[in-house]
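Comments concern the structure below.
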Amino acid sequence: GNHTQPKFILLGITDTPWAQAPLFGLFLLIYIVTLVGNVGLMVLVWVAPHLHTPMYFFLAHFSLADVCYSTVISPKMLTDLLFGNKTISWAGCVTQFHLFALFVTAECHLLAAMAYDRHVAICHPLLYVTVVSPRACWWLVAWSYLVASLSALVYTSCTFGGSFCGPRRVDHFFCDASPVLRLACSDTRGGELAIFALATANGLGTSVVILLSYGRILHAVLGTRSAPSRARAFRTCASHLVSVSLFYGTLFFMYLQPASRHGSRDKVASVFYTVVSPMLNPFIYSLRNKEVKAALGKCRRRM
């Protein structure tokens, strides 16, 4: 059982020796850009008074979730590529998966909160200050982390609650549910069903909120007579929807398909939402924004 097999072996992205060094350089660069972009955005929101608005409050927490779940995955992947020591302890595997599930689920709910914020700002501007108050913002963020914490507990217990008596070789670059469950020698159908049901509730529930919010935004924008206002709203919505599509598309591919259909393509999809998406989000959501550019300019002049 679990006590006789204290370690797993992560097979990684590839077992080709000549590809290890280039992949290490590429993913190290991506991780550095992820940290600089997201931490820089959080600091900027903190020090710039005119960014103390609900939109940037949610963005700061979104960046925090990006940094956290990227840090859960990337350092271990980088050390495996550099040194070739791909073993991970039982406790390390459980902790890695639990924290990953927590912050990814929180990010889904934060995306829904951000879409609702934009919907109120564009469709009901006169009620914006009342509806999206500081207290409401804190409640939405607290709800995101509460649901994520409870969901992560269920995901982790369903994934690691059985017995593992076969080979301990996880065909992935981190401890994810599907490759770990394939190593179990006990019946995992109940756990897989629970993970699928909860992932569906979190994923589809938040995506419905996002789609309805942006649908109402599109309807309101099309009814606006001002061409500059329409263009500005379309640019904002388009950039947000790009990030949402990338994030949800890969998540749905990974977790809303039968276990029998999982294969080598899972690693490619996982790279997008664990490595690439956290790097792109600061650029998509903020660095094209005039308010963020103005805050960066003020900080540069002050320095």
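Any Cβ shown, glycine's included, is placed from N, Cα and C.
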Given ranges 94-114, 115-135, the stretch to which TrEMBL attaches the annotation transmembrane segment: 94-114
Per Cβ pairs under 8 Å, the stretch of 55-74, 233-256, 268-287 packing most closely against the transmembrane segment (23-48): 55-74
Same-chain residues near the transmembrane segment (233-256), Cβ under 8 Å, at least 6 residues beyond its ends: 104, 107-108, 111, 114-115, 118, 122, 176-178, 195-196, 199-200, 203, 207, 210, 214, 217-218, 221, 224, 266, 269-270, 272-273, 276-277, 280-281, 284-285, 288
